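Trainee: Can you keep this structure in mind? I'll have questions shortly.
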Amino acid sequence: MAADPSPPSAMAQPRPLNLNNEVVKMRKEVKRIRVLVIRKLVRSVSRLKSKKGSEDALLKNQRRAQRLLQEIHAMKELKPDVITKSALNDDINFEKTCKKPDSTATERAIARLAVHPLLKRKVDALKAAIQAFKDARQNAPEAESSKSASKESQCEDIPRSQAEASESQHPERTVVGEQKGKDKDPTTAKKAGSGSKEKLAKGKQGPKAVATPHSPGKPSEKGAGINSERQGAPTPGNHSQGKASTRTTEDSVCEPDDNSISKEEVSEEEKEYFDDSTEERFYKQSSASEDSDSGDDFFIGKVRRTRKKECAVPSSAKEQKPLPKVSSKTNTLETHWDIRNDKHKLIPEARKLESVFFHSLSGPKSSRRDPREQAPKNKAPDIPENEPPIQNKFTKSARRGFESAKQPSYAPLHPSWEASRRRKEQQSKIAVFQGKKITFDD
């Protein structure tokens, strides 16, 4: 039978193989295989006993059945560990054991169980694991010896490489030594020393000569008189360059100051501006007559306070401060501010002839186009233009009283409060006519 390609877990693990543990793990498999073999033998015994034929054939079948019963009893008495150990130790051949005339029932039972495919698969896997473990133990000292040999060879290679590197450097040293030997003569040494000194002096003088025109404040010792004369009478070009540099520095100093002042003014104007659209709309809708009196009253909140503070500041303090350079951003902000003020001043003047209930209808087209007061387009107007005026049932006295009720100006209220007040007034006027009896003349 072919061995199982997948070895057990113990084989895969690197720890040393413990055979006793593997034998103990095999107990369950051995018991299961023993039950299967006993069932098969019982069926074969019953088949042999049921066969019919001549007397010789019947006797032969009885002897076979007797031997199988002996094997069954031997299997029941055997322990699983004995079966696994015997299967691992020897290569058992069932046919050879059965042909032996002196073979016992236990031997035949062990051979029969060891030959079973399931147990044979497990046993072959264990044998392979044991063999691998033995090979690993045998190869371990060989591997250690090979490692030590490789380390020694590496250690030997390092000094060799160092020696080769030193040898490669030695020829240069020899050449330098020969040159030194040649230069030992006093005349040649003096000449070489004088030549080197001259070269050094020239090298030192070169950078000084180059540096003198750039740094007139540090003249050399040789040309001190010439440099002093040049310093005493500087050229006009240098003067102009110095003035230009001073101007550029002054401009660069002044520019950040102007920028900082303009930024501060812009930030102050942005802080001072406070536009609460809800308050503005409420103030316009509730008190149109008051708006017509004072042009700047539509500003609510912080704008009034800031304007009062600016008016309170004396003009002398403003004259003392120099006017800073205003940037283009501040100019644009001021123009926007003035345009907005002019627009808002024109709105209350145009609203002098407004009706009490419908501001948007009585005002001009420009006021109707104001997005804050423009009604949504999908809603139908309260009073269509083409319809005739509704015939009022009120008497002349009631109309006069209603008109007189319109005249007194109330204090500015919230729009919801004004609507509730008007609704109550209308209900009180209508309640007068509900209790009257209608009489008809004959």
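Our numbering is plain: 1 for the first residue shown, then up by one each step along the chain.
Glycine too: its Cβ is placed from the backbone N, Cα and C atoms.
Source: prediction; values computed, not measured.
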Trainee: Where does Swiss-Prot put phosphoserine, among Ser148, Ser252, Ser260, Ser292?
Mentor: Ser292
Trainee: What residue among Ser50, Ser262, Ser294, Ser327 has an entry for phosphoserine in Swiss-Prot?
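Mentor: Out of Ser50, Ser262, Ser294, Ser327, Swiss-Prot attaches the phosphoserine annotation to Ser294.
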Trainee: Between the candidate ranges 55-77, 78-100, where does Swiss-Prot place the coiled coil annotation?
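Mentor: Here Swiss-Prot associates coiled coil with the stretch 55-77.
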Trainee: Can you work out the mean pLDDT of the predicted model over the coiled coil (118-140)?
Mentor: 82
